[in-house]
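Quick notes on the structure that follows.
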Amino acid sequence: MAYDFGVSVSRLRLRTHLFVFWAYQACYYPFATLLLRDVWGLQASAVALCQVLVTVSDTFSSPLFGYYADKHQSHRALHVTSIVVAAVMRALVVIVAWIAVPAIGGTAKATAVAALLVATAQATGGGGVSLGDTATMNVIERAGGVADDYGRERLWGAVGWAIAAPLVGLAMDACGRKPEDAFADDGVTVIPRVHPGLDDVKCVVPWPYVPVTLGLVCALLAAAMSAVWLPHGRVVGTTVSRELKTRDDTKQQRGEMEDDADVDVEESERLLDSPVDDVNDDLDKSTLVARTRAALRSMFGTCVSVCLASCFMAAQDIYFFLFIDDDGGSTLLCGLAMTLTCCAEVPIFAVAKHLRKTYFPSALDVFRVVFLCYSIRFFGYFLLPSLPSPWFVLPIQLLHGITFGLYYATATATFREASPPGAEASMMGYLSGIGALGRIVGMSIGGVLYSVQFAEFSMFRSNGRFMWFVLGVLSLLAAIVTSLRLRRS
């Protein structure tokens, strides 16, 4: 049965949840580095350390959320808890700063406290994305669709991000964010002011409260929608069909296929007539773990590509705003840049299934193009300070449709298609965990290279330029290696 993309109650609820949930993410993620630097007084290397710890926590928390959700069939409770607790912890990043910064601002203690807060927030929020993606696939499969249809629903999350990011950036500017006024320089150390923005007579609230407050409101709405609307757990009919296929594939490998087709018919009818709990009992947990590991081994090349793409994406996400800020751009420009990236995502998500079927016969074909577009994007950032205005960054952001939209739709569909029956949430968790490993590498590269300058070369005399050059070379090499591998296969 073809997947109908018309408006129905279940799809309207899903799209509303995705819109609000990713608006919540847009309130915090793009501005996290600014909060750590301007509120806590951390240098670029300390910001990188915090973000690495955040990603390390995500590496373990996302697979654990998926595993326990599948094991105990507690997808709904874990999803709601993850969203709410993470939003509260992110608000504490700002609230605690007002207490701690006057005493420890800009010191190693500030780095330790900030890192603990943001890492805890990410650890508790590890199930927000992966369990949400699992619920999205459930809606699609109940409507008769396939994993490749994911992009057409996920695009509503990109719309939410596109609307929220510039509004939050504009609100932060309106509430008095001025980078040049955020610090007091005593000639030895740079110490963040206790309440940046409060000296502005037009300021109603300190600007750091803007992203976390709006994010908390959106998170509570998204959690309520998840609790009431989303179909969590397993889609029994689809799970049964994949379970029978898995058993047939196993029998073929062992040379034990039954000659009598009635055996499969009887097995299918028995499972389809069984309650959900009976189906869960029929699938042994140790067997599911073994199948999940086998599935990951069978798609090793895709896993490595996901890791690399996440590496490049992390460096871009974490250091892009710092780079634009250092180049003289405003917070509004940062928000508009995020809007353009999301506008580029929307059409790509919508046609991702068609693109894969028509132009990309395998996941590695997609990643080859993704790496090439990352190379173009990074070299564009490298050349940006040589251009008349930082606003020239906006056209470069359109490549985000390929570097994230096509990549994420492909990775999610590939992992869902490879999911053993009953381990759907676990596989989505592993996807997040593998991506987190790549982000650790990307953030580490950025932390080491962002401030590197070479006075002998005019091209490398400002923050970030050497980092973008190195990332451009690495992504180009990744595209070449992927092309050679495809040619050999």
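A Cβ is built for glycine as well, from the same backbone N, Cα and C atoms used for every other residue.
TrEMBL lists 12-460 with the feature domain 'Major facilitator superfamily associated'. Sequence annotations record features per position, and here TrEMBL assigns transmembrane segment to 18-36, 42-65, 77-101, 209-230, 300-324, 330-352, 364-384, 390-409, 430-454, 466-486. What TrEMBL lists as compositional bias 'Basic and acidic residues' is 246-256. Residues or ranges marked as compositional bias 'Acidic residues' in TrEMBL: 257-267.
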What residues in the same chain, six or more past the boundaries of the transmembrane segment (42-65), come closer than 8 Å to it by Cβ-Cβ distance?
32-33, 36, 78, 82, 106, 110-111, 114-115, 118-127, 129-131, 314, 318-319, 322, 425-426, 428-430, 432-433, 436-437, 439-440, 443-444, 446-448, 450-451, 463
The domain 'Major facilitator superfamily associated' (12-460) [mean pLDDT, rounded to integer]:
78
Report, as numbers and ranges, every residue of the chain located at least six residues beyond the transmembrane segment (364-384) whose Cβ falls under 8 Å of a Cβ in that stretch; write 'none' if there are none.
301-302, 305, 308-309, 312, 316, 320, 323, 327, 356, 390, 392-393, 396, 399-400, 402-403, 406-407, 410, 459, 464-465, 468-469, 471-473, 475-476, 478-479, 482-483, 485-486
Residues of the parent chain within Cβ reach of the transmembrane segment (330-352), under 8 Å, 6 or more residues beyond its termini:
26, 30-31, 34, 148, 150-152, 154-155, 158-159, 161-163, 165-170, 172-173, 177, 320-321, 324, 390-391, 393-394, 397-402, 404-406, 409-410, 413
Establish whether the number of Cβ pairs under 8 Å between the transmembrane segment (18-36) and the transmembrane segment (390-409) reaches at least three, counting only pairs separated by 6 or more residues.
no
Contact between the transmembrane segment (300-324) and the transmembrane segment (209-230) (at least 3 Cβ pairs under 8 Å, separation 6+):
no
Apart from its near flanks, which chain residues at least 6 from the ends of the transmembrane segment (430-454) lie with a Cβ under 8 angstroms of it?
44-45, 47-49, 51-52, 55-56, 58-60, 62-63, 66, 126, 129-130, 292, 296, 303, 306-315, 318-319, 322-323, 411-412, 415, 460-467, 470-471
Surrounding residues of the transmembrane segment (390-409) on its own chain - C-beta under 8 Å, 6+ positions past either end:
148, 150-151, 154, 158, 309, 312-313, 316, 324, 327-329, 333, 336-337, 340-349, 352-353, 355, 366-367, 369-370, 373-374, 376-377, 380-381, 384
